[in-house]
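See below for the structure under consideration.
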């Protein structure tokens, strides 16, 4: 009896001591997990995540952001386990490599009591995340089509270069076509250029050989657009009011818009910086007195000469 | 040597009956062109034909090198990644040289020199690891494929390497300008093809390649320096990749992790469509060139029609490749008789 009491007291004091030492250096630990950058957009995301880390840690000394990138879904699942077991994170910002294989690992983090923010690519089960931050793919298509309609008239011809056949590509394309419908603008044909400069160049060369009269091009993506512009210049068909609408917000394209490029006068935003938005909001979830949980869908802003400067990050790789 | 002469001896009496075997790729290409013309007469416009030839130059030049490797019984899976890595380093070197050499021809020549050295070096690494290291070529080049690909990702910091704008202006004509109506890349392609044909068909080295591919042990007993010849085939492959990269870089002036993806498979496919035997011992440069043209034409035709769903592009490509090889592999007049 006496013994048990002693043990109990020891345990309680021990716990209190432990809690005391923890609160002395209590930091809000937030893990940030995303795929290893293998293409420019993802490299831009990596850059913006690092920028946000520096900025937020300077702003809140008691916030510790832990950035981890992983080369494949399995590695990302392991990284999530480590964030819980080693770092004991209070919150997680995750851009899943793939939805299916990462749903359970994220659910496990959730079960450890952490706040979950999912970025860009949704999980395959609803209700796991506290906050969802994403760009707006249908809106990107719709905004692009709206701009086309302001520049073109009934009977004008456009061609469309699509990305890699995926849900993202379909959402963009379907919304674009829905918005164009009824405007009298002819979509001559659409082909996949796989979000790739070389494919953009070759598909556009073939469109130019095939269609003698093209008034504008929807390239959907800035990498494709760079290939398209090279093909237009090669064929000498870059004049006469021809224009190309890309998407994403690559720094070279933004620079061109600031400098008044007539071939690519606008761009539609699908920014890699959304990871920074997600990190900001997640920190707010711990710091703000306002509620944060919910869905935060970015607009697909039309970038033109007037607002280009605020989307220009010369230091970023994208 | 013995096997090489044996090979030609056994195939000689067959020659009159198997015309389709050598003509197969040409027939396939002709049929493709007719289909292309029927789908859209603009297919045979001068502009489109020039585009086609220029585009085939990359895969074609690489495939000429691959013909040597495959004829000698090897395989090189690293060529696409190698092209990306060489393009990346070329761009870094040229951008770095702008301050000292300016934006003119010397900088571009420096870049090209670097490309050639890297190509030879990378090819030699593949060759030496295969022969001296005694590792299967498939594994060696699978390894270097990953290494070269990740190197370009690393150099580009995950993004895209872009050539200095003014250097691009100097370098641009290499891809876009023409001589006697044919763009420069096509001339490079022709020159590489002629050199390759002479080397494979008119020199001892070419006969050694065939002999090694037919039977490596016999070739070794016949006093052929097998390791040296095999290593040289990889060096030739590397050199061809360097040439392809030299004409690739001025096109868009950039390199990234997505540069040259799947070029290795296209090059190998071009070689096999052209009639070279995948397990070695028999190689045809002329066929390889037709194979490269066929592959490019398929993609071109698919862009010229909306009859076929975009999602089925891969299916059409696969079908046409299989039919093209079937055309030249089946011994039509010998059908029924067993193959020797």
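Glycine is treated like the rest: Cβ placed from N, Cα and C.
Going by TrEMBL, these are the annotated features:
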TRANSMEM  B:20-40  transmembrane segment
TRANSMEM  B:52-70  transmembrane segment
TRANSMEM  B:77-98  transmembrane segment
TRANSMEM  B:104-125  transmembrane segment
TRANSMEM  B:137-156  transmembrane segment
TRANSMEM  B:176-200  transmembrane segment
TRANSMEM  B:231-249  transmembrane segment
TRANSMEM  B:261-278  transmembrane segment
TRANSMEM  B:285-302  transmembrane segment
TRANSMEM  B:308-327  transmembrane segment
Among the ranges B:52-70, B:285-302, B:308-327, the one whose Cβ pairs under 8 Å to the transmembrane segment (B:231-249) are most numerous: B:52-70
Is the transmembrane segment (B:52-70) packed against any residues at least 6 beyond its ends, judged by a Cβ distance under 8 Å, and which are they? 76, 79, 83, 137, 175, 182-183, 185-186, 188-189, 192-193, 196, 199-200, 209, 213, 233-234, 236-241, 243-244, 247-248, 263, 266-268, 270-272, 274, 276-278, 280, 283-285, 288-289, 291-293, 295-297, 300
So, does the transmembrane segment (B:137-156) come close enough to the transmembrane segment (B:77-98) to give 3+ Cβ pairs below 8 Å, pairs being at least 6 apart in sequence? yes
Do we see three or more Cβ pairs under 8 Å linking the transmembrane segment (B:20-40) and the transmembrane segment (B:176-200), pairs being at least 6 apart in sequence? no
Give residue numbers and ranges for long-range contacts of the transmembrane segment (B:137-156): same chain, 6 or more residues beyond its ends, CB-CB under 8 A. 69, 74-78, 80-82, 84-85, 87-89, 92, 122, 125-126, 129-130, 255-257, 259, 264
Go through the chain and flag residues at least 6 beyond the ends of the transmembrane segment (B:176-200) whose CB is under 8 A from any CB in it; none is fine as an answer. 50, 53-54, 56-58, 60-61, 64-65, 67-68, 71, 206, 209-210, 236, 240, 243, 246-247, 250-251, 283, 285-286, 289
Six or more residues out from either end of the transmembrane segment (B:285-302), which same-chain residues have a Cβ under 8 Å from its Cβ atoms? 22, 25-26, 28-29, 32-33, 35-36, 39, 43, 48, 51-53, 55-56, 59-60, 63-64, 66-67, 189, 193, 196-197, 200-201, 266-267, 269-276, 308, 313, 316-317, 320-321, 324, 328
